[in-house]
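Participant: Features from Swiss-Prot:
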DOMAIN    12-47  domain 'EF-hand 1'
BINDING   118, 120, 122, 129  Ca(2+) 1 binding site
BINDING   162, 164, 166, 168, 173  Ca(2+) 2 binding site
DOMAIN    197-232  domain 'EF-hand 4'
BINDING   210, 212, 214, 221  Ca(2+) 3 binding site
DOMAIN    240-276  domain 'EF-hand 5'
BINDING   254, 256, 258, 260, 265  Ca(2+) 4 binding site
């Protein structure tokens, strides 16, 4: 195995692989064409800072390894599982395909799940609760799995995440288990925009987190917004940190102290004046 290949396998995780894959398989067909392979490998190597002068040589080596060790269909289609098995560790491979079975749309949905299982706000869920969590997750997606499959999923998750064997999983563990789309807030650059652009962006942001369409953020909607805000500056956050920041946000923005953040209250917090 060449150095570039070893480097990517050592550092590539399921989320990163999926982000790159989606650029080429926008329709989620589960395969890319052989003609797209060079560009896919280019993106993969660029992610890990492989020098341009070495790019062509490494891409060629990777293609040769793929052709030798994996099946390519007569139509020139390369399945995602072929490339994933080539670049991801066993654990990350498992996570990738589990996530495809149980996708989530946004951080609000994620936080609804987290709050249900971290009912005491300890910042952890017990490994014993993991089995119930996984069963509910499949039911949420209208998928029924056998007890044997559930036991296998639970056992693998514990092996991957409960490394210190304390029987607990934290917020970051759950975030890795679940397939969250890229942080919604990353697409906005509030500081670099005109007032009108900021207002327009604010409308999109509020609409995204106001899942219940009540005109106010409450419960997991506030949690989801807080989680995405924090992850802009701190990629790895704990449940305890999230609760602290949530409390600070409510203290500053919840003017009428009803436990919710009205649209006008959030706008005021962000220094915006919007039409009522």
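Glycine is no exception: its Cβ is also placed from the backbone N, Cα and C atoms.
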Participant: Cα within 10 Å of residue 168 (Ca(2+) 2 binding site) is the criterion; apply it to the binding-site residues 129, 210, 212, 256 and give the hits in sequence order.
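Facilitator: Taking 129, 210, 212, 256 one by one, the ones whose Cα falls within 10 Å of residue 168 (Ca(2+) 2 binding site) are 129.
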Participant: For the binding-site residues 164, 214, 256, which Cβ has the most other Cβ atoms within 10 Å, all shown protein chains included?
Facilitator: 214
Participant: Can you tell which of the binding-site residues 162, 166, 256, 265 lies nearest to residue 210 (Ca(2+) 3 binding site) in space, using Cα positions?
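Facilitator: If we rank 162, 166, 256, 265 by Cα distance to residue 210 (Ca(2+) 3 binding site), first place goes to 265.
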Participant: From the DSSP assignment alone, can you count helix, strand and coil residues within the domain 'EF-hand 5' (240-276)?
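Facilitator: Summed by class, the stretch gives 21 helix, 2 strand, 14 coil.
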Participant: Run through the Cβ atoms and count how many others sit within 10 Å of the one on residue 221 (Ca(2+) 3 binding site).
Facilitator: 24
Participant: Can you grab the distance from residue 129 (Ca(2+) 1 binding site) over to residue 162 (Ca(2+) 2 binding site)? Cα atoms, rounded to a whole Å.
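Facilitator: If we compare the Cα positions of residue 129 (Ca(2+) 1 binding site) and residue 162 (Ca(2+) 2 binding site), the gap is 13 Å.
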Participant: Compute the centroid of the Cβ atoms of 210, 212, 214, 221, then list the same-chain residues not in that set whose Cβ lies within 8 Å of it, in sequence order, for the Ca(2+) 3 site.
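Facilitator: Everything else in range on the chain: 209, 211, 213, 215, 216, 217, 218.
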Participant: Between residue 164 (Ca(2+) 2 binding site) and residue 118 (Ca(2+) 1 binding site), what C-alpha distance do you get in Å?
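Facilitator: Distance between the two Cα atoms comes out at 19 Å.
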Participant: How many neighbouring Cβ atoms, not counting its own, are there within 10 Å of the Cβ of residue 258 (Ca(2+) 4 binding site)?
Facilitator: 12
Participant: May I ask for the distance between residue 118 (Ca(2+) 1 binding site) and residue 265 (Ca(2+) 4 binding site), taken between their Cα atoms and rounded to an integer number of Å?
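Facilitator: Answer for this pair: 28 Å between alpha carbons.
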Participant: Measuring Cα to Cα, tell me the gap between residue 212 (Ca(2+) 3 binding site) and residue 254 (Ca(2+) 4 binding site) in whole angstrom.
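Facilitator: Cα to Cα, residue 212 (Ca(2+) 3 binding site) and residue 254 (Ca(2+) 4 binding site) are separated by 18 Å.
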Participant: What does DSSP assign residue 168 (Ca(2+) 2 binding site), in three states?
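Facilitator: SS state of residue 168 (Ca(2+) 2 binding site) = strand.
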Participant: Do you know offhand how many angstrom separate residue 256 (Ca(2+) 4 binding site) and residue 214 (Ca(2+) 3 binding site) by C-alpha?
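Facilitator: On Cα coordinates alone, these residues lie 16 Å apart.
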Participant: Want to know which binding-site residues, from 214, 221, 260, are within 10 Å of residue 166 (Ca(2+) 2 binding site) at Cα; which are they?
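Facilitator: Taking 214, 221, 260 one by one, none has a Cα falling within 10 Å of residue 166 (Ca(2+) 2 binding site).
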